[in-house]
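I am attaching a structure below and will ask some questions about it afterwards.
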Amino acid sequence: MQSFFTQWISRWIFSTNHKDIGTLYLIFGAFSGVLGGCMSMLIRMELAQPSNHLLLGNHQIYNVLITAHAFLMIFFMVMPVMIGGFGNWLVPIMIGSPDMAFPRLNNISFWLLPPSLCLLLMSALVEVGVGTGWTVYPPLSSIQSHSGGAVDLAIFSLHISGASSILGAVNFISTILNMRSPGQSMYRIPLFVWSILVTAFLLLLAVPVLAGAITMLLTDRNFNTSFFDASGGGDPILYQHLFWFFGHPEVYILILPGFGMISHIVSTFSRKPVFGYIGMVYAMVSIGVLGFIVWAHHMYTVGLDVDTRAYFTAATMIIAVPTGIKIFSWIATIWEGSIHLKTPMLFAIGFIFLFTIGGLTGIVLANSGLDISLHDTYYVVAHFHYVLSMGAVFAIFAGFYYWFGKITGLQYPETLGQIHFWSTFIGVNLTFMPMHFLGLAGMPRRIPDYPDAYAGWNLIASYGSYIALFSTLFFFYIVFVSLTSNNPCTNFPWEFNKSKTYGVSTLEWIVTSPPAYHTFEEMPLIYETKSN
């Protein structure tokens, strides 16, 4: 018994194996996603009808729920699953490396997250919680308005989570730049690896700015400085500039790994190489660069000069160009392909469709004149949930079904996966499509009560969220069924046409399912073959 326990501790607590750490990230992300999902359910139940009922008129609690929902979903669900989970599992295998460059750094990157999560949950439970929204703007987050320790706990939580992200980013950058197998140039690495590389650079540059901003907020609250306190000569708008200089690259950090995953899936299920590989790479890099010079489009209403607003409007619209290149390249990949509509492909097509809608509403919001009336309405909520709740999350589901057999060695039941896709698709669209109409009608964000005129669309949105909830529960049932069924997965489960053998484009389909504890006993040699 003792030896089993020590083995378990050394394997899972002191792990230096990229696959085990990736598994830990996936489990952690699923747990946090459930917590965040419960909070969104509470929000939608409160908003199902006008007037106060579920939260008994306690508007502070409502804002605490919204803040915690955002932090959980962004920092503890999407980032750990995409970068930590899929990134750790797949990047070393795809580049033919035995492990990450710094395996123990990888371990601490993960183990910083559970304490960070605990601090975040504590911040919601002490005093009156953090009712500031995820942006934590002063003066609402100042010591006068949030006098308890809740905001300080949230700040510490973000510090630790940010440290985890930076360490992980350093690890990915050095792994991808230094540990590729012989014959694998940068222009031969898979698009998912490129997406993780760009994401890691974004993290490395953006997160320290957030750390600086929240550290100044911490000293404003506790040590009598006045960085953001106008009465002491500070400027609360400075905080907004610092926060959004991090916050805008952050949304690209959330979606870029998804772009990489979708490229692989669309290519596999269309039986074609990705259309315009080099263009895809340059598009991702340009999105990463442009993401840093558009931050003030979140701040059109704070009184920026008109020429400043004109610049940020133009720059924001330019980002649509590389994004459009990616979308049209995916469509060109599907075009004339031999399409197989398995669950990962359904989620990928859903991703392309819904992400495009989210991108179009983003173009609308880029206009500073229009944004004055749409700012802080449900139109903005609809926009970023189309990009995140149907972009990032659909990419996660697509990647999960695509690589599930490879990671576990067991294949999921296809019919159940398709039911999960359709129920999720209907649920999220029913939830977020009405929010566009509410926003155009002027319903403000972060307010738990609303005039009766908005009741109809809100009820529909709440019903949609209940459908999405049940489809998520169904997803966990699928995972349970898959893991308990004895349905082994072949090395390459997506071989549909047995008579003609296709080459596989990436290394993970060459190794066994699941891969050995040490994937490569010797370095693979990568070279190009001419296709007939």
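Glycine too: its Cβ is placed from the backbone N, Cα and C atoms.
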Of the residues His248, His340, His383, only one is listed by Swiss-Prot in the Cu cation site with His297, His298. Which is it?
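Cu cation site check in Swiss-Prot: besides His297, His298, the record includes His248 out of His248, His340, His383.
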Test of understanding: applying the rule of at least three C-beta pairs under 8 Å (pairs 6 or more apart in sequence), is the transmembrane segment (71-91) touching the transmembrane segment (384-404)?
yes
Count, for each of 153-173, 191-211, 274-294, 463-483, the Cβ pairs lying under 8 Å from the transmembrane segment (421-441), and report the range with the highest count.
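Per the Cβ count, the answer is 463-483.
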With the transmembrane segment (274-294) as the reference, find which of 23-43, 110-130, 242-262, 315-335, 463-483 contributes the most Cβ pairs under 8 Å.
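Checked against 23-43, 110-130, 242-262, 315-335, 463-483; highest Cβ contact count belongs to 315-335.
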Honestly, do the transmembrane segment (463-483) and the transmembrane segment (191-211) touch, with at least three Cβ pairs under 8 Å and pairs 6 or more apart in sequence?
no
Who are the chain neighbours of the transmembrane segment (315-335) in space, where the CB to CB distance is under 8 Å and they lie at least 6 residues beyond its ends?
259, 262-263, 266-267, 270, 272-276, 279-280, 282-284, 286-287, 290-291, 293-294, 297, 348-349, 352, 355-356, 359, 362-363, 366
